[in-house]
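Working notes, structure below.
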Amino acid sequence: MIRMRSRLFVLHVLVLSLLVVLGVRLWQVQVVRGQEFVTRATETRTRTVIEPAVRGQILDSSGRPLVRNQTALVVSVDRTALARTPDGGKSVLRKLSAVLGTPVKKLRERIRPCGPGVSQPCWTGSPYQPVPVEQKADTRQALQILERQEDFPGVSAEIQSVRQYPGGQAGAQMLGYLQPVTEAELEKRAGLKAAYSGVDLAGRDGLEEVYDEALRGKPGMRRVQVDRMGKAIGVEQQVRPVSGDNLITSIDARVQAVAERALARAMHNAPKADGGAAVVLDARTSRVLALASAPSYDPAVWAGGISASGYQRLLSPKSGMPLVSRAINGQFAPGSTFKVSSVTAMLRAGYPLNGTYDCPGSYMVGDRAFNNFHGIGLGTMNLHTALVKSCDTIFYRAAYEQYLRDGGRDPKKKPREIFANTARAFGFGRPTGIDLPGESSGRIPDRRWKKEMWTLTSGTNCRRAQTGYPEVTDRARADFLKRLASENCAEGFILRPGDSANFSIGQGDVLVTPLQLARAYAALVHDGKLRSPRIGWARVRPDGTLVQTYDVPVVGKLPLSEKERLYIKNALSEVASDGTAAGAFAGFPMDKVRIGGKTGTAEVWGKEDTSWFASFAPTNDPRFVVVAMVSQGGMGAQTAAPAVREIYEGIYGIKGPAALPGGKPVSRLPKFAPDGTVAR
Amino acid sequence: MAERVLRSGRRGYGRRMVGAQSSLWRLDGVLLVAVAALCVIGTLLVWSSTRTWAPGSTGLVKKHMLNLGIGVVLCAMTTAIDHRAMRAYAPLVFLLSLVGLGLVISPLGATINGSHSWILLGGGFAVQPSEFAKLGLLLILAMLLAQPAEGSDRPRTFDIVLALCVAALTMGMVMLQPDLGTALVLAVITAAALIIGGVRKRWIVGLTLVAVTGVFLVFRLQLLEPYQIARFTAFLDPGVDPRGVGYNSTQSLIAIGSGGLFGKGWLHGGQTTGRFVPEQHTDFIFTVAGEEFGFLGSVAIVLLLGVVLLRGLRIARQCDDRFGTLAAGTIVCWFAFQTFVNIGMTIGIMPITGLPLPFVSYGGTATFANLIAVGLLQSIRIREQQQYA
């Protein structure tokens, strides 16, 4: 027994030491490394699901929606749940394909994650986020899925909000569109990175992009507790989404519709027209009332992801690049509409306001004759008539004289370049700063620009000067091109006399956008102050509380005295009744609303002319500035002026109901009822 | 008189047995309380881990409580039997358990959860004869090795050889199921009986060599199932395949570790509710305690099991007859091994083997066998001072 007892003692020690080992290890696992395991437990036990916030609406100045939300039945597929089915989701997809009428292959492509070697269509979002495969399911389809959930594990049908455009194609480029946010974009957003899910959309282009931060709201988050099979067994944490704010714009939906219609008709009537724009500004504030660009497209194509071919169609020259807004990105020579700047330059150069000027049929600029329109001389006249009748030779002469004063081909150290600098003071050659992305700046071809261009192109030009253009079959054209190349090679860096003459009447290398022209005219006819036009007017919460209003900043002043400004305005006031646009406005009730403006016909080499009409009304106290431009539309009086007329007819209700009764833009923000609807 | 009984019952000296009533005073109260506490905790843990999926949510915990009830009756009955009578019945008990094992191997056996170690009784009840085999082997070994050689306190060589044969037979039958975990427990029981029984050191060394060689051969000749090797390699490096064989040990560590110092509270363990740890109400019951009761709760369970083991050792030490000492000591070794291996595997210091945690895990037959063993300990305790008449 003694031996047994001694061996039991050994056993005693052994048992105690085993217990100590367990205790020490438990301390290590639970207390020392506890936090690490808590983190890992949370990772395995929970899934985070993002609940997108309802995006704010974009409203017009009366509270009418330009972009609103529509509830749609969205069918989504959860890839993780699909992978857990015995056959990896094959049969589920097959059944889903039968319900939705979409081929299995397409469904498969939609839900596969994007990555190296996998390009669109594919899913860019988080792998835990259900992938929407059908954005416009009907009730019957949704019920088939919801009532037989056991047949459709991982498939859900739920109501989500989708962007809807009551105006159809109207202002599509201005409104912009939404696309799933990219990870790169999220990097730039503060605090939202963790919430990346692939379901939240970001505004691309247009107002959706510029006011994205205001519109998007804050996505909510649900941390769902799941079991080993990934089945949700409870909600651990929930953050409700915060709806985005509404954006009230100064756009008037009815004026916009009128402008779109007028533009479409103008394009239709000009057989070769390949693009156009119409801009309607509040003359006093430079807020935008309508911004139309043709051709347009239906922004609804973006909802639910666009196909690669659909996207190409939006960008291709063949379909007229409907994604490009001609109003802010269309850069064209402005023609005679530009003369408001040139006449100001003449005044600043010292030509008397009340002097008389000779308007011959042609004028020798250097060694080349520059003709009036149709080469007809109009006799002597004052500047008023020069604008009304659109005499060119007066401007050729002034521009050439100033050119010579700057030193001509051999310029002074600091040339005055009065015509170019005045154009800059009118806001040309730089973006207007409108609240839209990617605006073009136009071009002021001064001496410095010539030099820069020459540096860029002299290589090609000098080679072409040697080799000619053997690939051009038309002999005369090839010869012309070769001569041009050799000229450009030799002296392309010099501003030639002809360049200055062309510039003065808005021809040649000068380019402006319709919006630049519109805001220059607004400054001219209102108070001489150049403003940066705005579309966004106010940001309001969904319940109607005002968050902020967006002011229209003054960015410059026209180099005109009040007397000079009114003189030019008065001259332009006669164009529609007695001047170049008289034909287009024949029969227009000028006694009711007197329209002022300036036609422009810009020659484009090898193409039809660009048709312009820049206008304002009423002439005594302008409330509106309307600019229309039709590329390859022919003469200004022929195509653009009738479009502008139609817009005024719509605004004032000359034929049919008035878009703006009283002939005034809406000046007060719409009121909202507590439920967020517009109180009228 | 009563006072004297009480005192001597505490001290355990100079007593002669007088009637059943007074022997109740001799029961080891501390052992009983510890076992009862473990059973209660086990019930709480079984409820927590089965309520989300068991039929009617209480299905399994009710069955567990029924098992405990039956176990308590069996425990009481065993306590009532004189352990010396038990010694006489030992061959019978052993033979019965062999029959049970034979039935399992026969077409009557059933496979539950991948282990072919069950006999279905109908009515949703099933027994696992291998659990009883632990008891049977323990008793027959104690019987064989309790008879010392003439003029010595070491067992006779013949008895040792017989004991080894009996052990090998039992282990062989268990391995046929196959149930590696139980076979290991049987090996530990055998080793414990031999060592406590006082066999010479050369026997111990020799048998250890044989065992090592055997293990080596088993690995070399690839007698183990691939899953058994996989479990072992996964133990050595759980990162090898965290979704496959390493899954159990990884999830079990996460559940226990995330409990921290105080635990997440009973029924509040997310890992438990999500059923991330497999076999959580049986072999991995300790993970529920780890997650919901934290370090303090886990250590309490370890301490309670420690109390059971130490009280068992005390009973073994204080028993005057070789059979009692041997049986009690071997029971302690059995419990100690299962405790250490079971808890050890949940905290990543032992490989994964299908062994339940004594008194805590769900499982009818194991509960019966454990409680019968406690009854045996108490029986030895009550009669520790009685000499052969």
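If you go along the chain as it appears here, the first residue is 1 and each next one adds 1.
Just so it is clear, glycine is given a Cβ too, placed from its N, Cα and C backbone atoms.
Curation does not apply to TrEMBL; its annotations are automatic.
Lifted from TrEMBL, the feature list:
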| type | residues | note |
| --- | --- | --- |
| TRANSMEM | B:24-45 | transmembrane segment |
| TRANSMEM | B:65-81 | transmembrane segment |
| TRANSMEM | B:88-112 | transmembrane segment |
| TRANSMEM | B:118-145 | transmembrane segment |
| TRANSMEM | B:157-174 | transmembrane segment |
| TRANSMEM | B:180-196 | transmembrane segment |
| TRANSMEM | B:203-223 | transmembrane segment |
| TRANSMEM | B:293-313 | transmembrane segment |
| TRANSMEM | B:325-353 | transmembrane segment |
| TRANSMEM | B:359-377 | transmembrane segment |
Answer yes if the transmembrane segment (B:293-313) and the transmembrane segment (B:118-145) have at least three CB pairs under 8 Å among residue pairs 6 or more apart in sequence, and no otherwise. no
Segment proximity, the transmembrane segment (B:359-377) to the transmembrane segment (B:180-196), 3 or more C-beta pairs under 8 Å: no
Whether the transmembrane segment (B:359-377) meets the transmembrane segment (B:118-145): three or more C-beta pairs under 8 angstroms: yes
The transmembrane segment (B:65-81) versus listed stretches B:24-45, B:88-112, B:203-223, B:325-353: most Cβ pairs under 8 Å: B:24-45
What parts of the chain pack near the transmembrane segment (B:24-45), using Cβ distances under 8 Å and only residues at least 6 beyond its ends? 5-6, 9, 12, 61, 64-65, 68, 79, 266, 281, 285, 288-289, 292, 301, 304-305, 307-308, 311-312, 314-315, 357-362, 371, 374, 377-378, 381-382
